[in-house]
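*Asks:* According to TrEMBL, the record shows the following:
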- E141: active site (ACT_SITE)
- D226: active site, proton donor (ACT_SITE)
- H140, H144, E222: Zn(2+) binding site (BINDING)
- 1-67: domain 'CAAX prenyl protease 1 N-terminal' (DOMAIN)
- 71-270: domain 'Peptidase M48' (DOMAIN)
- 15-32: transmembrane segment (TRANSMEM)
- 39-58: transmembrane segment (TRANSMEM)
- 151-172: transmembrane segment (TRANSMEM)
- 184-204: transmembrane segment (TRANSMEM)
Amino acid sequence: MTVKLFITDLIKSELLTYVFGGLLVPMLIWIVRYFGAGFYLYLWAFVQMLMFAFMWMYPNVIQPLFNEFRPLQDESLKEKIEALAAEVQFPLTKLFEVDGSKRSGHSNAYFFGFWKYKRIVLYDTLLHLKHDDILAILCHELGHWKFGHTLTNLVIASAHIFVLFWLFDLVMYSEVSKQMTKQFGYGDANAVMVSLMLFMLLVSPTEQLMNLLMTMRSRLNEFQADSFAAKMGRSDALQSGLFQIHEENKGDLNPDPLYSWYHFSHPPLVRPP
C-alpha cells in the first residue's frame, strides 16, 4: 500500500464514519426519547432495517469506494466456477475479481447477495493458486451457504439485539438509572447516555460469554464447511489451498490452544495430537 492510497482510504473511512455516525446516533437517541417505555420494539425494527440496508450498501456502494471490481478475466477458471455453482445449485449471477493486492497480500474469497441473485468475489491475491485449490476454497465457502450459516447467524444476531434492547429499556426506566441521573446532576437530555453507560457495565460479563459461544459456533460452522468440500471430493486441494493462504497471510499455524479456543473464529489448521 502506498502512502497516497493509505491517506485516501483514511479520509474516505473518516468521512463515512462522520456521515453515518452523525445521522444514525441522533436518530437512535430520538427513538428512545420519543417512544419512551417500550422503545425497544421500535429501536429493534429500525436497526433491522439498517442491517438489511447495510447488507446491500456495503458490497454495492461502500466497498467499490475502496476497491476495483471487474469480471473474472480467467475464462477457464470462470467456466469451472460456474460448473461448480451449477453442481451444488448455487444461484450464481455474477463473478468478480477485486484488486485486494493494492492494499494487502491477504487472500480471500466470498459470496454475497440476496435470494437468487448471488455473486462470488475472488481477491486477485488468490488467483495465483492452482485452479483445483481455488475451487476447493470456493467449495468451502459454498458449504457455508449450503448449511445456511449466514442466515442462521443473522437470525441469532437479530434475536440477540432484541434482547439487549429489551434489557436496555428495563435499565433506562429503572429506579437505579433515574437516581444515578439525578445524583450526578444530569438532566433529562442526558438520561439516555447515563442509562446506556450503566447498561453497558451490567451486560459486559454476559456479552463476554455470548462472544465466546458465537466464536465456538463459528468454528463449528468452519468444520461443517470443510466437511462439505471434502464430500465434494476436494479435501486434498482444500488442505493445499488453505495452507498456502495461511502462509501468505502470516497466520499462526500452531497457536496456544487456550488462546485460540477463546479468540479464534476459525480453527487452527494444525491441531495438536
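Even glycines carry a Cβ here, placed using N, Cα and C.
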*Asks:* Would you mind reading off the Cα separation of the residue listed as 'active site' from E222 (Zn(2+) binding site), to the nearest angstrom?
*Replies:* 9
*Asks:* Other than its close neighbours in sequence, what residues sit by the transmembrane segment (39-58), given a CB gap under 8 Å and a spacing of at least six beyond its ends?
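*Replies:* Same-chain contacts beyond the flanks: 24, 27-28, 31-32, 112, 114, 154, 157-158, 161-162, 165-166, 168-169, 172.
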*Asks:* Within a 10 Å radius around the Cβ, which one of these binding-site residues has the most neighbouring Cβ atoms: H140, H144?
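*Replies:* Answer returned by the neighbour count: H140.
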*Asks:* In the three-state scheme derived from DSSP, which category covers D226 (active site, proton donor)?
*Replies:* helix
*Asks:* So what's the average pLDDT for the domain 'CAAX prenyl protease 1 N-terminal' (1-67)?
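*Replies:* For the domain 'CAAX prenyl protease 1 N-terminal' (1-67), the model's average pLDDT rounds to 87.
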*Asks:* Who are the long-range neighbours of the transmembrane segment (151-172) in its own chain, taking Cβ under 8 Å and residues 6 or more past its ends?
*Replies:* 32, 37-40, 43-44, 47-48, 51, 191-192, 195-196, 198-199, 202-203, 210, 214
*Asks:* Roughly how many Å lie between the Cα atoms of H140 (Zn(2+) binding site) and D226 (active site, proton donor), rounded to a whole value?
*Replies:* 6
